[in-house]
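Contents: one structure, followed by commentary.
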Amino acid sequence: MTTLHSALVSVYDEVVERNPGEPEFQQAVAEVFESLAPVVDKHPEYADGAIVQRLVEPERQIIFRVPWVDDAGGVRLNRGFRVQFNSTLGPYKGGLRFHPSVNLSIIKFLGFEQTFKNALTGMPIGGGKGGADFDPKGKSDAEVMRFCQSYMTELSRHIGEYTDVPAGDIGVGGRELGYLFGQYKRLTNRYESGVLTGKGIGWGGSLVRTEATGYGTVFFVDEMLRRHGETLEGKRIIVSGSGNVARYAIEKAHQLGATVVACSDSGGYVVDEAGIDLELLTEIKERRRGRVADYAAEKGGAVRHIVGGQIWDVPCAIALPCATQNELDERGAAALIRTGVRIVAEGANMPTTPGGIAALRAGGVLFAPGKAVNAGGVATSALEMQQNASRDSWSFDYTEERLADIMRGIHDRVLETADTYGVPDDYVAGANIAGVTQVADAMLALGVI
Ligand code: GLU
């Protein structure tokens, strides 16, 4: 970790002491704190209001038992979470992650990031995150439904259109949100559309929400390039992951004239010099719930599947980590630099390790952090909430234009903030400072709560 402003050292030490065994949460806090030196100097009122101390303490943390019955009749057990991090700007807002790696540290880091990401969108949404250590992989639809129903039976006590509005994340997509919404509706006897986002189009969802995180990521990169008088046309890109974010990043990159030559999953990566065939990838991942290895097997010919290894060895001009936290480390960064990468923009949440970020920046790579780059997903969730509140539904083109506009706005605001605080062109500092100051100013206005 680089050195912190002296006023933040004891606050950070306290975070480590009060949140033991939570490395991801500590890492997310450290990353934000490293950007705050100019903020501390410029805003003595934050210290007086113990703003930073309050920002790192979630407003509420809920951990609960989730029992469910598998297809063989056996009783199974998982642990559920919802961390309601900060409601200064609006109802808690953030996704649910179902993955075996989920624990309190993961959910707290995600909720902390979400708070500033949501602030950056300029929409009236606070920050929260939830999930469970449930693995949907290999489960039948009926098992997923019973799990979701049990999970929502507890979660329903804590959420609501004006309180907390969950959505999807890793392992939670249209299928899971359907079961979750159905159970909420049944338990409450209310058709409260605005309680969840990412809903299906036929039952209160918004067009473009499914595509939004991936599309928004590419819109952000497009802005980065335009600032240097360039476009995506002809650019060679690699995208890690093959889930929702990765697939729609690939789609938009191709629409804008780039070629995405590689994507991955936890088993390895595929290289397709002709450009990833999105239709086939979606068929395999979404409908067959298969692996990228199946993509290579099906395509044959020149398409390679590399078991294990790191996708960062594939030469590219732009790399978009869109899989999961800490997937791009110093070794990955070194490989990217060696083959001439120019831009790394995070489609996932905290996919680059602190060492990876430092290496990329030292290597002269333009680096943009997830809380700015991937904010299009949650921003479109806020657009879904707007449509639900007004009982309206917007066209695809109109909604996509709103998303593109929001991404341009975030990009410009990040760079303007970086300029104002004396760290020009620093996307990391600009995003952290813009997010933190917006929440902090509102917290001061609302008093000691
Ligand atoms: N899970 C997404 C994120 O990391 C979306 C959250 C939402 O739409 O509420 O931002």
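Any Cβ shown, glycine's included, is placed from N, Cα and C.
Of the listed candidates (Gly168, Gly171, Gly430), TrEMBL assigns Gly168 to the same substrate site as Lys93, Gln114, Lys117, Ser381. Secondary structure at Lys117 (substrate binding site), taken from DSSP and collapsed to helix, strand or coil, is helix. Under DSSP, Gly168 (substrate binding site) is assigned to coil, being neither helix nor strand in the three-state scheme. Put simply, Asp169 (site 'Important for catalysis') is 12 Å from Lys93 (substrate binding site) when counted between their Cα atoms. Between the CA atoms of Lys117 (substrate binding site) and Lys129 (active site, proton donor) there is a gap of 12 Å. The substrate site, placed at the center of the C-beta atoms of Lys93, Gln114, Lys117, Gly168, Ser381, has further neighbours from the same chain whose C-beta lies within 8 angstroms: Gly94, Gly95, Asn118, Ile125, Gly127, Lys129, Ala167, Thr197, Gly377, Val378.
Among the recorded positions Lys93, Lys129, Asp169, Asn244, Ser381, the ones whose Cβ sits under 6 Å from an atom of ligand 1 are, in sequence order, Lys93, Asp169, Ser381.
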